[in-house]
Structure formats: C-alpha cells, structure tokens
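Record features, source TrEMBL:
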type	residues	note
DOMAIN	1-83	domain 'EH'
DOMAIN	27-62	domain 'EF-hand'
DOMAIN	107-195	domain 'EH'
DOMAIN	139-174	domain 'EF-hand'
Amino acid sequence: FLPQVDSANAGRVLASDAAVFLKKSGLTDLVLGKIWDLADTDGKGILNKQEFFVALRLVACAQNGLDVSLSSLNLPVPPPRFTDTSSPLLLSGTASSDLPWAVKLEDKVKYDAIFDSLNPVNGLLSGDKVKPVLLNSKLPVDILGRVWELSDIDRDGMLDRDEFAVAMFLVYCALEKEPVPMSLPAALVPPSKRKPLSVPGAMPLIPSSTKESHQSLPPVGILAAKTPLTQ
C-alpha cells in the first residue's frame, strides 16, 4: 500500500495523501480521525513508515468490528480492504451492486410498517422521530449513535425507508449481541444507495476534521444523554 501514498518515495505520508487513501476503506470520518490520532504519535500531520503500518492495522481492526485502540494491534485480523478497482493490489472483490441485500424481505415488511407508523414527511423520518425507537431498544447510547451514523447513508440527518431498515437491522443485530460494525458492510448498503465509489477531489484533512466531528455528527444531538431512559 505504501507506494500508492508515498509517490515521492520519501518514507513518509502526508495527511492529505493519507486522507484520500484511507477514505477508500469505507470507514466513517469519525473512525478515520481516531485512527489518524493514534497513528500520528507526534501530532505533526505526517506518518512515517511504521506509523502508516499502524494506521493500516487499525483500519483492519475497525473493518472487523474491533475497537480502534492500540490494544487491538496485536489481535489477529485479515488485511485491510480498500475499494479501488484501478489497482491490482487492492481487494475489490465482488461488485457491491451484485450482492444480495442483507435485509430479508420479510423483515423489510416489518421495518416498513414501523417506518410508516412514525409519520414520515416526504418519505423521510427526522432524527427526533427515530430517536424514541432507537432508545426503546435499551442499547447503550454510543452503540445507537453508531447505528444512526451507519444508517444515515447520504448524511442528510434523515432516514428514508431503506436507511431506516438498515438502522432496524443493526439494532436487532446488537440485541442479539452481535457487534455493530465500524463501517457499513457492502451487503448492508441498500440496492437503491449503491453506486460506484469515487473519491472527491476536495478531501478535508483527517486531523482537522476530527476536531469538528463531535459537533457535526448527528448522533450526539439525536441521542442526547439528557433523554430519560427510564420510560
């Protein structure tokens, strides 16, 4: 992976180059920011070869549902996966558009019924309408925050019918004691949301985006701790 981000062969990776490359892992900005903070030990915005390998290892941990922490570095995980069909080095696997959706048809019918009962506006549910359903699961707020972040695929602060089905699927998985993934598996992306992945040209630097992420991400506002959990 290193030659792809260290084109000058200087033995180091700049934040801007790493941001574009790590984005291809499919992980959220929040998770990537945490990975960068752990890997960039001296906070200079540059990774040396060893630190870059730490970042790749943490990406692999996150993709396999493990905590993003230095203690996870010694755990056995498969290599990190990055979507980039132009490179033979990167694992592209099956085209995601060909994967069957993980949400079964009979479950989708149930989720649609819940969705309709929440009075969607123009086919969308706001965070305020989804929040009571999520909180009703009695799952920890941090887990519910991740469920929201993964299911709000187009990042508009609202859930449509398919995104709501993803949220319900993840909630039921968590209730069955299955770990909620750090990034949305390709099989869980609704067919209506699948499109070729492209990396936008104007990519924010990972270190700077992490400082704002706590204000900009919906879960913090949507699942505010002050909501009574005893009802």
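Even glycines carry a Cβ here, placed using N, Cα and C.
A TrEMBL annotation is a machine prediction, not a hand-curated record.
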Counts by DSSP class (helix H/G/I, strand E/B, coil) across the domain 'EF-hand' (27-62):
25 helix, 3 strand, 8 coil
According to DSSP, how is the domain 'EH' (107-195) divided among helix, strand and coil residues?
52 helix, 6 strand, 31 coil
